[in-house]
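Per TrEMBL, these features apply:
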DOMAIN    20-130  domain 'Acyl-CoA dehydrogenase/oxidase N-terminal'
DOMAIN    134-230  domain 'Acyl-CoA oxidase/dehydrogenase middle'
DOMAIN    246-390  domain 'Acyl-CoA dehydrogenase/oxidase C-terminal'
Amino acid sequence: MANSATARLGSAQHTSGAGELRERIGTFIRTRVIPAETVLDAGGGDATGALTELRGAARAAGLWALPLPADLGGGGLAFPEYAALAETEGASDHGPAALGSAPLLDVTMLRRHGSTRVREEYLKGLVAGEIRSCYAMTEPGAPGTAPLLTATRAEARPDGNWSVSGRKWFTSGAAGADLVTVMARTGGTARDRDGLALFVVPTGSPGFRVVRELPVLGAAGQYEIELDRVVVPADHLLGAEGYALAIAGERLALGRTLRCLRWLGQAERAFDLMCERAATRNGARGPLADHQLVQQHVFDALLALRTTRPLVHEAVALIAAGRDARTEVGLAKVAAARMLQQVTDSAIQVHGAAGLGPDTALPSLFRGGRAARILDGPDELHITSVAGRVLRGYGRGHGSPTRG
Ligand SMILES: Cc1cc2nc3c(=O)[nH]c(=O)nc-3n(C[C@H](O)[C@H](O)[C@H](O)COP(=O)(O)OP(=O)(O)OC[C@H]3O[C@@H](n4cnc5c(N)ncnc54)[C@H](O)[C@@H]3O)c2cc1C
């Protein structure tokens, strides 16, 4: 990150305001979080210990929970202010957890759609990092791209509570979470969005269990979970029956945009590693940097970074303004995921075998880039929904969307 000025130029967000805070976050990520990445990636007790230590250090440095609401104990930064920092914080995949901003999506969702009891019982604990939450939509037996096919069932009990049963997988952070938000069908058939609802389920409830860990290209953090007739209090339903897809859509728009910002930070790290290697590795005819085919990698990576960043900030601006950002989030998500995969792949290529070995962060950055093209909806889903929306606009005689 130290030599990343070239990749960053061209972003207004990076040349004005909030500079001092961004510097402090950058230093924390570089000197504290990145050196702990190998331990954190491996999971288990050592990872938990390392994360606890990092969180203590973040609190002591005044960098804790910056985008979380101030009245709940967070730093109170508005979304556009945080967006200008999220790239720096997200340069390590572990940055948001270490700095306490990871619960932003859950806190935003529970604050808007949770009952008084849910808000009072959980929000402050989530912001303080005393309790942890996760989100379970994807199921082993149904395509994650088709949530209407959700097989997890919630049945109303005579006492007014709910009984939830089903299996979810790739639930990030489920082991060690205190709460999981679960999408379940309360009624209707597979084409009926009114029959879907979201429930906040305390993981200590009888009938909840973590079935197994699902390492993603070797990295820890994803889990399969089972709910077997878990009794969920009536006031742990979010919004109302039939609101699940609307709430999930709101959450995903914010979540995808945050991820794009973090992927920019990770790609910039890979870009720096690639350029440093090209400039310092000498072959028979001088440094790698003198080879035109190496220069091609550098050019294409820089182009991908620079053309993706404005798309992501367009999505940020629309979300911050409360406007419809579906097209912009879809464009940004596909562009940022492809960009991260491309830049990390090029950086590995320029390193040769060293890029696949244990001495650089490139394998883990590349893994993130590969997963990026699937999580939060695969590329194809965004491509078909953006293109479909655009084409329907033409069908209705609307103007060209090419200028946003
Ligand atoms: C690292 C990681 C973390 C994750 N974290 C979470 C989490 O915390 N909570 C959670 O609920 N889920 C999580 N997921 C799951 C993720 O959101 C889903 O994997 C994703 O939405 C795709 O669903 P699926 O895997 O069921 O794929 P499917 O829906 O089965 O799709 C498989 C493939 O079919 C093709 N396809 C699908 N739809 C279309 C289409 N419309 N047009 C053309 N082709 C299509 C695509 O190639 C797609 O990749 C995570 C996944 C990963 C990898």
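Just so it is clear, glycine is given a Cβ too, placed from its N, Cα and C backbone atoms.
The DSSP breakdown of the domain 'Acyl-CoA dehydrogenase/oxidase C-terminal' (246-390), given as helix, strand and coil counts, is 120 helix, 4 strand, 21 coil.
Here the domain 'Acyl-CoA dehydrogenase/oxidase C-terminal' (246-390) returns a mean pLDDT of 97 for the predicted model. Note: the domain 'Acyl-CoA oxidase/dehydrogenase middle' (134-230) comprises 6 helix, 51 strand, 40 coil (DSSP; helix = H, G, I, strand = E, B).
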